[in-house]
């Protein structure tokens, strides 16, 4: 293969003759040519017979080892021959070509047979996507090594192993020696980095080897160019040499392309696998986090981890090698420059000594801005997630504008940090780019001025420039690499910190299904789980099959006791043992975005008979009958299309269907009326219900069921005060009896001050007939998709001009300045190259060149002009990006917040969170970066084409068809690529929704021991998302490879034309043309990559514009001249023929309501589930606009009043109390209009002052997301205190006391009567006793007014209200 060839001697006629040694060498090419000719036919055979795989047998491995050895031998022979030629030893071209040809023959078919098979599959996919829209079914199935199950298992095992080793080692274990790139100090990120390396390190190293081989071919190109220019300068050289060198330039460029694209392919595949691993690790962490750890993070922060942070890590995979490879390239360039210019080349090192420290300082400073930006990003995501999750509360109180201001304020700080970071990045890019010019200038200056005999000819100038261009690539790559590493370091630390959060102690509780006859005994101990009292030194034994009630005041620790039994609390001492399986019904029901049947069966096999019995026992049959799809009705996210009572019964049905040995029920009867509650207790929970043989622990305030309990536990301040049967507790005359007596005394105050006396049995009798009723949201709230089809629909409107919208957002002036700066920069670059070509052509007189100093001066000023243009263009693009991002985000936030409640009912929060995180990050960072790259490479491409055309005008004949072919490739690719991007984006939102849903229901999932099923669901969603990602990666490499081949073809064209016109072109002109043409492959590659990525990421603008055309609410404020400053002053409400429907295609929820409510009057609103009570409240605050008629408040039609003016004059306390993540003071006074004295007075009036005084930071106490570190009752009291501070004239209580015990409820009602006596109060309730003391009662039936009079008159009529009171035992 590498037979030695004697030096050739060329004579005048050697152009058409070959020496015998050359002929012998050429004969060795025939086996290679045979293999290349046979390869296409063999490939077709492999495809036709499905043999496109390679078996990793022992023979194959042996062949691979021998082949690699031969490749290294051929490569070393090529380098040695080139070294000989550079030393002046003549060698025939065949000596150089033979080993290169053999090397390519051995490497290409062996490694790339499978790649061609993949490209064939991709071509079919591209063609299908070009002709018709792609669907998920058209995508390839995932290989096993790319599946979530395998990747997450491998990385997870490595993470746990390294984490345990790090914890054992501790901070003091030689941290200085083991410090890694991403973690300069001891921490969990080091263990995480090791885990990633153990899983993906081998593949990354193979890709690195491909990049190293590509760089070898990269450096062979300037050497070949040197021979080519030497040929051009020699008028006697045979033309075949020129054609040979032109072919060699083309071949080396193609080989460099192949290996570089192999590296890129591996890196992108590794990035997709890394995203799979991170998604799986984060999701599994959610399922094992302790309750305390859950309070330290939010849904928004978790979504950022699996969207923004993982993207930073994916980018680092591509750019990581640049941190070491760029310096190696620079070193090799200096070696070759030394050969050309001698010691003068070393003077350029001074530029490095000056610029490199400067850029590292810039990078270090930029990392601080990056960390600040990520902090603001997290704060914004947290606040946005809270606002979207409780948007109804914001709208009820008119707080949208305030929260928008808070979000935009954080956003402004985030963009300010981004702007500073991008400014420093622009400075870094300019310094790196200018360093190549400065090095060239210094080298040429020292070389020419040090000795007048040093001549700058075309060979020295343009080979030096070719090497400097490689330096330029290294310089350009280095800041990107440093930037990517800096960002990845921040993201790695954030991800590792999350994964290192405290896990739930899995040994807290255990289950033993075989020991069901044994008693359940536990000792949960003190904990700091929330601000309520937690179980402390509990000694509790509950026999199997018993029914146990837990009672106590608000915040006593009832729910905490159940959490302790589930193992959700940190056990400080003692032990806990539970026998058998567990089912859990939380106080705040949790439902999945699935069908009714899937929510009830919860992963269990469907037993139709048992399912029907459960449905009947939980009173769900009437609800299912009202749905057209029945049990297959799809429930929206967070149960938006079903009422609170339906969610609670669904949660209970899930527990009953599970047939668990132990059922923990946290007040499931609070959200149902008396009749339904009685039905559920008798048929499901009670002694004769479906759970009669199960152990049941029921937290309840419904004392009418207490006599039927086997055991009653009374909790006061986290301690079991009493425990026993109903009769035993009464006889003891202890805390339980005092509890009943205090309720009786509070009730007596309602009887116009009449003293109620009697025995304990009389008190008991009162509570035996006192039923609890709470309101459920109306069936009319069902979305049309749930009512008629049982399926939720998400609308999507395609944005036709995302580019124009983005450009307009930044403004035409900025873009005009940007284009001008790019044109200025590229014009200066062209003039600098032309000036060098003229310099190289200067005649030599007396061994020197004339006008050297003039040449140097002009060259210097052209370089400075180019540097100024570079900084201006980059900074202008980034500045325009910040301006556009600010406007687009503000408009998107405005479009979302201004949408009506119906919009949030049909739009999953995952879709919105995706746009507020992933899409926003793309608009912030990725689009400006890709646009900057695209514009830079586009102007560079125009410069190259101009240079080639100027040198050889005939090149236009090749440029035009190559441009047309490029346009075909681009169009063919972009159509399918955008479809793949949309499929990937559409399958990404369900991942975020599933994460959010799981985070909220973790305690339920863990109680049912269903973690594995949910992990499998997450893996399925991630794999479905990755099915679109992998074809996109292959398609991206397909386009890059084809375009680089086109670029190499243009190089070949320029070289061939230069050879053909050798007699008419100067060496300087040829050097200018060919050296500029050599840049085209890299320019085309990066331009296509930038354009493709820009096409894909511009979808973010399109997706954020989706909601710009959705219906919007009425204006928040109107210039109503007829509204006086203190409106409303009386609070009188008049309904005139008022009708309401939730959507145009639904029936009326309220029908022709005609009533008048006087100012300061207290009105109770009663009715069965779905009668229209909450619809009436929604109509008053205009959550839903009137279909007919009008509502007047103090004589003013509310339709003529701005929404915020209306809603701030009406205070609504909903059934579900909502608190936001932030200080307690912020939750009490979101608009910051009250003084501390007023806040403390409100807390005292709502019985919360002592509780707040006991908190660590009092009013500055930080509430977790949703207020989870407070009990439901405490949250409701805070909402009442908030209402006191608003001082509105109209108060609407929508089952505001449902979560309170009877004692607290009576005190709150007394507070409302006292403090709101000057207000109009509308109380919606199922507990009839709650509204018995009101002035009048409004009874609604089927959306119409059935009765409206005083309680006494309605009872005397013996109508609907009388029957409701009778059911409650009040008459």
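Keep in mind that glycine also has a Cβ here, set from the backbone N, Cα and C atoms.
Keep in mind that TrEMBL annotations are predicted by a computer and have not been checked by a curator.
If you look up TrEMBL, you'll see 205-487 (among others) marked as domain 'ABC transmembrane type-1'.
Per TrEMBL, domain 'ABC transporter' is recorded for 499-742 (among others). Model confidence over the domain 'ABC transporter' (499-742) stands at 78, taken as the mean pLDDT rounded to a whole number.
TrEMBL lists 834-1096 (among others) with the feature domain 'ABC transmembrane type-1'.
For 1135-1367 (among others), the entry in TrEMBL reads domain 'ABC transporter'.
According to TrEMBL, the transmembrane segment annotation covers 26-45 (among others).
Per TrEMBL, transmembrane segment is recorded for 65-83 (among others).
Annotation source TrEMBL lists transmembrane segment at 195-220 (among others).
The transmembrane segment feature in TrEMBL is assigned to 240-259 (among others).
Residues or ranges marked as transmembrane segment in TrEMBL: 317-338 (among others). Here the transmembrane segment (317-338) has long-range neighbours at 204, 208, 211-212, 215, 219, 222-223, 264, 267-268, 270-271, 274, 345-346, 348-349, 352, 443, 464, 467-468, 470-471, 473-475, 477-478, 480-485, meaning same-chain residues at least 6 beyond its ends whose C-beta is under 8 angstroms from one of its own.
Summarising the annotation, TrEMBL assigns transmembrane segment to 344-362 (among others). Sequence-distant contacts of the transmembrane segment (344-362), counting only residues of its own chain at least 6 positions beyond either end whose CB sits under 8 Å from a CB of the stretch, comprise 330, 334, 337-338, 424, 427-428, 431-432, 435, 438-440, 442-443, 446-447, 450, 454, 478-479, 482.
What TrEMBL lists as transmembrane segment is 423-450 (among others).
Residues 415, 418-419, 422-423, 425-427, 429-430, 433-434, 437-438, 440-441, 444, 806-807, 809-811, 814-815, 817-818, 821-822, 824-829, 831-832, 835-836, 839, 923-924, 927-928, 931-932, 935-936 of the same chain, all 6+ positions outside the transmembrane segment (858-884), place their C-beta atoms under 8 angstroms from a C-beta of that stretch. Look at TrEMBL and you will find 858-884 (among others) tagged as transmembrane segment.
The transmembrane segment annotation in TrEMBL covers 937-969 (among others).
The highest tally of CB pairs under 8 A with the domain 'ABC transporter' (1135-1367), across 205-487, 499-742, 834-1096, is held by 499-742.
Here the transmembrane segment (937-969) has long-range neighbours at 822-823, 825-826, 829-830, 833, 1039, 1042-1043, 1046, 1049-1050, 1053-1054, 1057-1058, 1061, 1065, 1069-1070, 1072-1073, 1076-1077, 1079-1080, 1083-1084, 1086-1087, 1090, meaning same-chain residues at least 6 beyond its ends whose C-beta is under 8 angstroms from one of its own.
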